[in-house]
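Engineer: Here it is, the structure in full.
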Amino acid sequence: MAKNTNIRISLPAVCFVWQIAMIILFGVFIRYDEESDTHWIEHRRKKNISTNLENDFYYRYPSFQDVHVMIFVGFGFLMTFLKRYSFGGVGFNFLIAAFGIQWALLMQGWFHHLDENDWKIKIGVENLINADFCVASCLIAYGACLGKVSPVQLMVLTLFGVTLFAVEEYIILELLHAKDAGGSMVIHTFGAYYGLTISWVLYRPLLSQSRHLQGSVYHSDVFAMIGTLFLWMYWPSFNSAIADHGDGQHRAVINTYLALASSVLTTFAISSISQNNGKLDMVHIQNATLAGGVAMGTASEFMITPYGSLIVGFCSGIVSTFGYLFLTPFMEKTLKIQDTCGIHNLHAMPGVIGGIVGAITAASASESVYGQEGLINTFDFKDAVANRTVNIQGGYQAAGLFVAIAFGLVGGALVGGILKLPIWGDPADANCFDDDVYWEVLPETMSVAMQLSKMIIWRSADSSEHTYSKTILSKLELSEPQVMCIRPP
Amino acid sequence: MAKNTNIRISLPAVCFVWQIAMIILFGVFIRYDEESDTHWIEHRRKKNISTNLENDFYYRYPSFQDVHVMIFVGFGFLMTFLKRYSFGGVGFNFLIAAFGIQWALLMQGWFHHLDENDWKIKIGVENLINADFCVASCLIAYGACLGKVSPVQLMVLTLFGVTLFAVEEYIILELLHAKDAGGSMVIHTFGAYYGLTISWVLYRPLLSQSRHLQGSVYHSDVFAMIGTLFLWMYWPSFNSAIADHGDGQHRAVINTYLALASSVLTTFAISSISQNNGKLDMVHIQNATLAGGVAMGTASEFMITPYGSLIVGFCSGIVSTFGYLFLTPFMEKTLKIQDTCGIHNLHAMPGVIGGIVGAITAASASESVYGQEGLINTFDFKDAVANRTVNIQGGYQAAGLFVAIAFGLVGGALVGGILKLPIWGDPADANCFDDDVYWEVLPETMSVAMQLSKMIIWRSADSSEHTYSKTILSKLELSEPQVMCIRPP
Amino acid sequence: MAKNTNIRISLPAVCFVWQIAMIILFGVFIRYDEESDTHWIEHRRKKNISTNLENDFYYRYPSFQDVHVMIFVGFGFLMTFLKRYSFGGVGFNFLIAAFGIQWALLMQGWFHHLDENDWKIKIGVENLINADFCVASCLIAYGACLGKVSPVQLMVLTLFGVTLFAVEEYIILELLHAKDAGGSMVIHTFGAYYGLTISWVLYRPLLSQSRHLQGSVYHSDVFAMIGTLFLWMYWPSFNSAIADHGDGQHRAVINTYLALASSVLTTFAISSISQNNGKLDMVHIQNATLAGGVAMGTASEFMITPYGSLIVGFCSGIVSTFGYLFLTPFMEKTLKIQDTCGIHNLHAMPGVIGGIVGAITAASASESVYGQEGLINTFDFKDAVANRTVNIQGGYQAAGLFVAIAFGLVGGALVGGILKLPIWGDPADANCFDDDVYWEVLPETMSVAMQLSKMIIWRSADSSEHTYSKTILSKLELSEPQVMCIRPP
């Protein structure tokens, strides 16, 4: 079945209409908060704030920029690993993140920051961080669909993803009063199950027709390492960006730094042990090394202790690498879930681990470890939840995990259904993972080599070295008919 | 006409002599300021500063490092997009920026920071940021000349560019008292017209002889995306780096973040709608997505409102992409301006938009929006300009824009004339965009493919598949004579 | 002699056992310090600290993240320059750094931060920076061995390297009370001589068998520039990360910024002047441009003056480039030291220069320049060393340099001996610089070109164009026997 992948009307329409909608909604709802408004100087005097440094900007801006790099370079370059889908990986990531952060400022604003006096949302640097966080869940979901969807579908995925995110985040953080500074549950678990369910709904039985493009080449693997490393290095900023000022941010950094280091070693170990000759697999190194950061998301602020962080990283690195080895092939064959980037291994499982670790760590918190004030500050046991005990908090943390999973599954099924409509310009099964569908790609080195190989094979096909040619053919990933048809009359 | 591109004498001579001059001038003029001097502790006591954090270092250092990344990785990698000029793009960017920041510390110091007591320039972190800013204008100018000039010419371009910059900056910021925190006028408009005029003076009528190298290959486009993204992500730091402490920096970040997001969507929209099949063009995505940051340079500190920022990004993304589609070809054919990177679309037009937006926003500022103190702080209505009204300020902003354009045009014409002298080792028209002229480039994959193709064509040229060979030839960008000459006797 | 490079048992064993050991030792020894512990709020009250900003986190976190990027992306990508060892360069760098930072937290903790009351090490952000610093010395040592050792050997190199580092650092900084904020001596000199001595012990007489892989291709050189630039840009953070709060950090940034800029110009100059045609060599640009940062390590905090910094960069850029031109070949031929990345030129010589500059600058410090308090603060002339003069300090600085060299030489000899044991799975001389030994590398473009070339040569070998084939052969770096063996029977 031929598919129409011409998005000349749909993509510009979606971009223009939605961007204009953003402008109107921002005009109606979004204003500067008191720390980014020129009235800050009066606010300072009124609140008796002695220095400009107490502006939240100086607490959070360095972390914000690190998170921003993770969203655009981290996620973007991690998805350049496919040999002919690097433009789509980094480019569509750019597009949907740029849209998503605007929509997230609105959605999260309506749920969390709506000023009841004037019905405005007042934004500052923390809102920007939260918008980046929100978008991360959609970029995770993109990872499952990489190479199989059109940019218009991705915009729809993001529109609904951000909406669902804002609701589940409100339920988990506000209603359940669960803690999730680095978003193991809210971002990773939700985003991963959202993307996996969409991928399941959009199952492509004949995807093997694109198999020759569903892999990396040497340099695309090096590009992907740029993404891996910027995610890995800045993850301490991710998990601490919206943590409590002072010891909260400080501790979140230490915990995440250690968990990440630990998961690198177990990833290398499992990757090596899984091959007959002990050779390492770049897919594992690019992804499972990050599992420690995901799994430390919820508990990063807690007194999990440095060695506790190492244990979390240790386990999540193992689980994630085993996922790539066994679960991804199993899911594709048996469950009909085609997960291009293996987000189940990098985000879903470590995210669930993170949620569980968070629940256990919260339930076992004590005044002897945290100090009386420390316990109250860390878990915000104030106002409506002033009398909550750590055991009950642990229960609510666990409940939050289920909410995240439920939103991912149900939301993914709904959005997957919408994306299945034959109007979005998605590629045929034989044209997946190919930038040529949505990008102007010039003929170049690789195509030249292909052309050359065809010529040679055509010249040699009439003689006895036919067997040798076949080896070449397979290396070039050309099927025989393709070659035969260029034989001269 | 053969050209001598041997720079073995001229490049080392320029580097050595100018670096030694820098050392001497720094020895005479440059000292630490009171915040980077060991007397800081006494200065603190005298000024009753309670904490080390009040050292400007802690306000500005994170932004400085982000700006530094934009200058060297952002601009550098953005210019790696050419298939065989990546070394020159990132390497010469490195060279001239490293020289330019030193010269800028002196030039800007003489104009803005000369201590009248001891005739010394006292430098701190803000001077480093301003030096990076100054150099940015020369790197923009380099974008128009990319691939067509020698590194010696670039050093000359930078020497004069920095000098001109310091003067126009002094006129605009000090004499006119215009505001331009992110440099829409001072950096982008000036730099772009400076580079375009130089490119016009250095017009190469036979540049089409290098056309086979004036494009990208797949991986060079991915490299360029590294530059694009680091520019895009850190642009909020660029526009806020020297903004007022507190709400000024905070607001500049929010405005720039939003304008950039908005221009991404309109860039994708126009890029897609401009092709018959709706395919996206990497050149647009790499460049026009940044237009929002350029256009928000002047007004970033102002109370332009979040939706105002979105509108600025919306328009500048459209204008910039249309520029790549229509203006660049028009300028090359009709105006004889060869603009390799399309800086007219990315810097000149968005820079002018930024200047106009700044003038309008300033002229429409009011005490009701800014607050009395806020208005004074934002526009620095103190001392000599204590009685200036916002309307007059708007006029001075507009005047600043004209000064920037004038300096670009006149300065570019003068420097272009100097660079036209036949002593600088620039490449012949047929050797532009080729790293082989100034770099030791080893034979490698691509050359191997070339060699192979020649062999094959030579073997097949005696038979009937000559027509097919021609197709190959065109893909390989080899003209027929090149092939024929390797035919065996 | 065939070598067994199967590391399927040894690498996982080392990773698992050492990571479990880390967990146990962290469990016994490592705790949060008072600034990252939930008791921070009580600590603040007790110490009368007015704001969360006084938490050291806010002084050091931006620098920490920059240093972290240098360790993983800077060093990692700098080592991707080899045409077929990019995975090993960036991947093994990742592995050993992730292990090393954990071991460094313990080793440095035992020597510097062991709380005598409870025998615990209390960690905060400064410990994380120091751990990254410590690991840098091992990554430098890796540079000399790049492509010639197995990952198991690298883990051993790191285990002992970190151990030796902690001891020499203790001697230099604590016992000798030398200052070395950016680690010219402690990190660079030690790390370089450690690596060079190991490389000397592991001398491979037949390494030329791998010569065809001991070079770069076009795109691998661009990848390496990512490493170069992130090292270059963030070096001011490296040299200031653990400097004194306030003017100390501020001054270290300015000095390093200037020294780096200066060494770029002299590197370009020497690189160009060294070739007949004035062409630049990417190896020089990738490496020697960084020499100014190395050489400014020790004196970065001192009042060396801005022009002093320029002079240091000027000289070290020259020395480093000359090293690449003359010393590296000499060392390989005469001294039997095979230094893949040229760390002798980038780290050893500039490190020694840095140590000497530090000693001279310290010895010539005066109260008239530093101020009375400034002098005491800068050199920490308190407690046991309250009466030390600057001349004596200069002597101790020089002594520190010798300690660093001695530890590098002796430690390298010992560890080299251990690594010479035939149990570590290192590659044969003919298989060095080849990712295929330790990584799953898929057949791709380059191999295709190779395969094609073999076919063509085989077809042409029977005829008169044999001479021409030889040219092709040499370009492809294939020796004739390799080709002949695929000739058909």
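Please read every residue number as a count from 1 along the shown chain.
Cβ coordinates come from backbone N, Cα and C, glycine included.
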Engineer: Please find, within the list C:128-146, C:185-203, the residue stretch that TrEMBL describes as transmembrane segment.
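Structural biologist: That would be C:185-203, per the transmembrane segment entry in TrEMBL.
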Engineer: Between the transmembrane segment (C:398-419) and the stretches C:63-82, C:185-203, C:215-234, work out which stretch tops the count of Cβ pairs under 8 Å.
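Structural biologist: Ranking C:63-82, C:185-203, C:215-234 by Cβ pairs under 8 Å to the transmembrane segment (C:398-419) puts C:185-203 first.
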Engineer: For the transmembrane segment (C:215-234), could you work out the same-chain residues 6 or more beyond its ends whose Cβ comes under 8 Å from its Cβ atoms?
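Structural biologist: Tertiary neighbours of the transmembrane segment (C:215-234) are 66-67, 69-70, 73-83, 86, 260, 264, 282, 285-287, 289-290, 293.
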Engineer: Would the transmembrane segment (C:89-108) count as touching the transmembrane segment (C:9-30), if touching means at least three Cβ pairs under 8 Å and pairs must be 6 or more apart in sequence?
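Structural biologist: They are in contact.
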Engineer: Based on Cβ pairs under 8 Å, which of the stretches C:63-82, C:154-173, C:185-203, C:254-273 lies most in contact with the transmembrane segment (C:9-30)?
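Structural biologist: Counting Cβ pairs under 8 Å, the winner is C:154-173.
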Engineer: Mean pLDDT for the domain 'Ammonium transporter AmtB-like' (C:55-434), rounded to an integer?
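Structural biologist: Within the domain 'Ammonium transporter AmtB-like' (C:55-434), the model's average pLDDT equals 96.
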Engineer: List, by number or range, the same-chain residues at least 6 past the transmembrane segment (C:154-173) whose CB is under 8 A from its CB atoms?
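Structural biologist: Cβ under 8 Å, 6 or more out: 11, 14-15, 18, 92, 95-96, 99-100, 103-104, 107-108, 110-112, 134-135, 137-138, 141-142, 145, 179-180, 185-187, 190-191, 194, 198, 400, 403-404, 407, 411, 414-415, 418-419, 424.
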